[in-house]
Ligand SMILES: Nc1ncnc2c1ncn2[C@@H]1O[C@H](COP(=O)(O)OP(=O)(O)OP(=O)(O)O)[C@@H](O)[C@H]1O
Ligand SMILES: O=C(O)C1=C[C@@H](O)[C@@H](O)[C@H](O)C1
Ligand SMILES: [Mg+2]
């Protein structure tokens, strides 16, 4: 099976929000890899990072992503999922939307939220580095790219739909 759409992008780019909106519009199921991991383990992502470390989380994320990519509907990946070469390879078979966001807008959206363990301590500084490291990886897997700065989630969803019709 092939997902109707997979969303990738940095923390705060709006994958979960816009993914749910598009799924609702299209009458498709929606899944969010972070939420599925949390539901299955009964722990928050932050707790998994703290208890088992990032490599253990990444292994869990890679397996869960592969499994969910085999399903239908709209799928929001974790912000760091594209760091896995296996995941990037699997994404070659799917329509993928990269939601782009600047550091300023991403920082404003995620705030000082403890739910994002990778950003703890220095949200802006960590986002600068993370976006620089990951931009080529998001670009490599993207079928369409949509800039989200200054747009409401509904407007981002509109642009994703427009971009997909042109892709
Ligand atoms: N286009 C937007 N404009 C303003 N706020 C937004 C927009 N998209 C999402 N948000 C808000 O920003 C926050 C982060 O959005 P969301 O959780 O959808 O991002 P995400 O890409 O899934 O992040 P993560 O990788 O951390 O899961 C939420 O509070 C959401 O309501
Ligand atoms: O950008 C990242 O590396 C992450 C983003 C979130 O979606 C979670 O998957 C986790 O907090 C790691
Ligand atoms: Mg999310």
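Here the Cβ of each residue, glycine as well, is placed from N, Cα and C on the backbone.
Listed in TrEMBL for this protein:
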BINDING   12, 13, 14, 15, 16, 17, 116  ATP binding site
BINDING   16  Mg(2+) binding site
BINDING   34, 58, 79, 134  substrate binding site
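All features noted in TrEMBL, drawn onto the structure.
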residue	record	contacts (Cβ under 8 Å, 6+ apart)
12	ATP binding site	101, 105, 106, 107, 108, 109, 110, 127
13	ATP binding site	79, 99, 100, 101, 106, 148
14	ATP binding site	99, 101, 109, 148, 153, 156
15	ATP binding site	7, 8, 9, 32, 76, 77, 79, 99
16	ATP binding site	32, 34, 35, 76
17	ATP binding site	153
58	substrate binding site	80, 83, 84
134	substrate binding site	10, 79, 80, 82, 83
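Here substrate is bound by 34, 58, 79, 134 per the record. The longest Cα to Cα distance in that group is 18 Å.
Neighbours of residue 79 (substrate binding site), defined as other CB atoms within 10 A of its CB across all chains, total 23. Under the three-state DSSP scheme, residue 13 (ATP binding site) falls in the coil class.
All protein chains shown were included, and the count of other CB atoms within 10 Å of the CB of residue 34 (substrate binding site) stands at 21. Among the binding-site residues listed (12, 16, 58, 134), 12, 16 have a CB atom closer than 6 Å to some atom of ligand 1, in sequence order.
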